[in-house]
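Taken from TrEMBL, the feature domain 'UDP-N-acetylglucosamine 2-epimerase' covers 68-405. What TrEMBL records for R507, T519, D547, E596, H599, E618 is N-acyl-D-mannosamine binding site. According to TrEMBL, the active site annotation covers D547. Taken from TrEMBL, the feature Zn(2+) binding site covers H599, C609, C611, C616.
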Amino acid sequence: VCLHWAYHRQKSTGSLHELYFKNLSKQKQIMEKNGNNRKLRVCVATCNRADYSKLAPIMFGIKSEPQFFELDVVVLGSHLIDDYGNTYRMIEQDDFDIHTRLHTIVRGEDEAAMVESVGLALVKLPDVLNRLKPDIMIVHGDRFDALALATSAALMNIRILHIEGGEVSGTIDDSIRHAITKLAHFHVCCTRSAEQHLIAMCEDHDRILLAGCPSYDKLLSSKNKDYMSIIRMWLGEDVKPRDYIVALQHPVTTDIKHSIKMFELTLDALMSFNKRTLVLFPNIDAGSKEMVRVMRKKGIEHHPNFRAVKHVPFEQFIQLVAHAGCVIGNSSCGVREVGAFGTPVINLGTRQIGRETGENVLHVRDADTQDKILQALHLQFGKQYPCSKIYGDGNAVPRILKFLKSIDLKEPLQKKFCFPPVKESISQDIDHILETQSALAVDLGGTNLRVAIVSMKGEIVKKYTQLNPKTYEDRIELILKMCMEAASEAVHLNCRILGVGISTGGRVNPREGIVLHSTKLIQEWSSVDLRTPISDALHLPVWVDNDGNCAALAERKFGHGKGVENFVTLITGTGIGGGIIHQHELVHGSSFCAAELGHIVVSLEGPECLCGSHGCIEAYASGIALQREAKKLHDEELLLVGGMSIKMEETISAVHLIQAAKLGNAKAESILRTAGTALGLGVVNILHTMNPSLVILSGVLAGHYVNIVKDVISRQAMFSVQTVDVVVSNLADPALLGAASLVLDYSTRRIY
């Protein structure tokens with residue numbers, strides 16, 4: 001554990017070591033000197049449930065070292081109010097002796113009441129501090145109660161240790177927090193940016209400790225296997241993890257009217273979203289009374305989908321947010337503590353606008369419509385993000401205790417000042433995030449393995465291609481390697497990766513992410529769980545589907561199928577595949593075998609297909625079928641015509657058959673016409689079965705077949721379905737775009 005994180009500012013390694021050992025020696029001398037005289041008397045003052053969650057770990061640490069410290073606990077503010085849960089009881093339950101209880105809140109929950117509460121605290125605190133005579137007072141955060149504490153201690157020449165200074169949030173809280181910073185003598189900050197802000201505010205470098213947030217010590221060590229009982233106790237017996245919402249919204253004291261309106265819109269959006277929701281009552285700031293009225297007007301306390309509570313014990317609250325599908329509101333715990341679990345967060349309005357946040361936080365700064373909040377819920381609910389340690393690594397308390405022991409009480413109280421440059425933190429808003437949302441798309445073909453970064457607009461930002469290995473182990477290893485490389489590159493390309501979509505041949509169970517049976521083109525690829533290893537390695541959600549289905553999804557999101565209710569996509573490539581969109585949804589079938597369109601039988605006496613049957617469309621019209629016919633012609637010396645030449649080492653393929661047909665080879669033309677007719681008959685069967693309004697031909701052979709298919713429809717189909725549009729796909733890479741659609745299209749994610 002480093003003595004003081006601020007040492008990292010030193011540019012020279014030599015000066016870093018010299019400064020470290022110099023301060024270590026100084027600290028030892030100070031501890032011996034203070035220890036020989038008396039213990040350090042520390043007063044911890046707590047005002048509400050939120051600051052106690054940060055102060056409690058420090059209080060436990062101080063209590064565990066009675067040879068160095070004496071602890072006095074002062075309780076004031078909303079801790080002592082019944083409407084806010086009488087939360088002083090949890091301090092008693094933690095076995096702390098409360099030295100003094102101060103009733104400092106003037107009820108009214110408006111601006112005047114806040115000012116009067118500060119005044120009442122200033123009247124009562126001097127007597128308490130005169131009796132306790134602490135060496136140092138620990139003050140947390142940015143509440144008006146904390147400002148009264150810091151003002152009293154500063155005027156009475158009591159050293160102040162301020163927790164969480166230097167942070168930037170929004171509204172009046174910033175002003176109060178920075179005012180306390182100017183009154184405080186020592187500072188414990190949680191992030192590198194907060195430390196830099198304190199330095200920019202002219203605070204003495206040597207009196208700043210970058211420790212991390214004390215609450216993270218508890219968060220990162222929290223292992224409650226019985227979290228289900230906590231979820232059931234607060235939300236009901238039928239609620240499952242990741243399938244509920246925690247809502248915590250407070251008034252914004254600089255714009256109370258707007259914050260109440262935003263709270264109304266939030267509740268309306270939550271009711272429309274129709275998920276079980278735990279709503280915590282707002283804090284005691286001006287405007288809270290009006291917010292409670294809004295809750296009661298909408299019947300939240302009696303609504304079957306809502307549980308409204310005044311207080312949840314911190315240990316239980318940890319478990320509730322850790323396993324929630326989403327946390328919504330404007331509380332600092334959403335942008336700070338919840339990141340430790342990777343739970344999705346929707347931060348509403350401006351109350352936390354300047355906070356550093358992990359990628360789990362989606363900002364909706366102008367939450368002026370119910371629809372915008374509802375869209376944010378659709379984007380965030382149920383996702384799982386990597387755990388964030390922006391605000392701490394779980395070792396804050398040992399650093400803080402060491403820092404306290406290093407304080408020399410004989411040093412003068414007068415502060416020193418300096419003014420280094422500061423680099424400001426820039427956070428993203430919802431519009432920027434929507435623009436940069438991207439997917440990792442994986443296409444597993446018979447020959448190549450491809451990975452691409454695909455933007456929300458369908459742009460392939462970067463593509464990686466390798467030969468598809470022949471064995472399962474090599475294939476999985478290469479997929480992981482390519483995905484990790486792409487994910488790393490995405491950061492530099494400013495692409496926010498939402499997940500991984502995989503397109504593969506064969507029969508796929510998309511709900512479980514398992515390849516059930518593979519095509520013969522991909523070896524060792526049956527009963528393969530793709531989702532688990534890739535999700536575990538990348539810490540991203542993973543979706544998997546058949547390549548034909550992915551092509552249909554690509555058309556639905558980016559191609560001719562956009563906005564079309566019922567259409568069919570046919571892929572004409574090495575094999576013949578496809579996908580069916582019915583009433584805007586992808587059809588999978590009862591055993592995930594729907595849309596195996598290449599195996600529609602069009603002739604009982606036709607050629608043998610790779611599936612083992614005879615007369616399938618694929619046996620006539622696939623690239624493999626055309627290659628087979630081309631080889632026959634070549635063996636009979638009937639393939640080449642004037643203008644054609646084939647090298648000795650060159651493999652005969654469908655390309656040669658098409659080239660021969662274009663140069664007037666009658667037999668090649670006949671084979672292509674037969675192939676197109678077989679495909680057309682298959683399409684007629686599809687029209688008579690599904691009655692789509694659109695048929696999209698995709699793949700390298702689509703352009704050669706489209707006119708023949710149209711002709712067959714005009715001759716063979718019932719009159720009522722002949723109005724169908726048959727078009728060639730305009731998508732350059734439907735397999736990769738379809739894999740990306742699995743991730744980028746919410747309607748698909750919702751089904752899976």
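Cβ atoms here come from the backbone N, Cα and C positions, even for glycine.
A TrEMBL annotation is a machine prediction, not a hand-curated record.
Projection of TrEMBL feature records onto the structure.
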residue: R507; record: N-acyl-D-mannosamine binding site; Cβ within 10 Å: 18
residue: T519; record: N-acyl-D-mannosamine binding site; Cβ within 10 Å: 20
residue: D547; record: N-acyl-D-mannosamine binding site; Cβ within 10 Å: 26
residue: E596; record: N-acyl-D-mannosamine binding site; Cβ within 10 Å: 17
residue: H599; record: N-acyl-D-mannosamine binding site; Cβ within 10 Å: 20
residue: C609; record: Zn(2+) binding site; Cβ within 10 Å: 22
residue: C611; record: Zn(2+) binding site; Cβ within 10 Å: 15
residue: C616; record: Zn(2+) binding site; Cβ within 10 Å: 29
residue: E618; record: N-acyl-D-mannosamine binding site; Cβ within 10 Å: 27
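Taking the centre of the Cβ atoms of H599, C609, C611, C616 as the Zn(2+) site, the nearby residues of that chain (Cβ within 8 Å, site residues left out) are G598, V601, L610, G612, S613, I617, E618, A619.
Here the CA atom of C609 (Zn(2+) binding site) lies 13 Å from the CA atom of E596 (N-acyl-D-mannosamine binding site).
Here the Cα atom of C609 (Zn(2+) binding site) is found 19 Å from that of D547 (N-acyl-D-mannosamine binding site).
Close to the recorded N-acyl-D-mannosamine site, the chain also has G505, G506, N546, G548, G575, I576, G577, G598, C611: residues not among R507, T519, D547, E596, H599, E618 whose Cβ is within 8 Å of the site's Cβ mean position.
Reported as a whole number, the C-alpha separation between D547 (N-acyl-D-mannosamine binding site) and C611 (Zn(2+) binding site) equals 17 Å.
A separation of roughly 13 Å, to the nearest angstrom, links the Cα atoms of R507 (N-acyl-D-mannosamine binding site) and C611 (Zn(2+) binding site). In this structure the alpha carbons, written CA, of H599 (N-acyl-D-mannosamine binding site) and C611 (Zn(2+) binding site) are 8 Å apart. In this structure the C-alpha atoms belonging to E618 (N-acyl-D-mannosamine binding site) and C611 (Zn(2+) binding site) are separated by 9 Å. Put simply, C616 (Zn(2+) binding site) is 15 Å from T519 (N-acyl-D-mannosamine binding site) when counted between their Cα atoms.
Per-residue pLDDT, averaged along the domain 'UDP-N-acetylglucosamine 2-epimerase' (68-405), amounts to 91 for this model.
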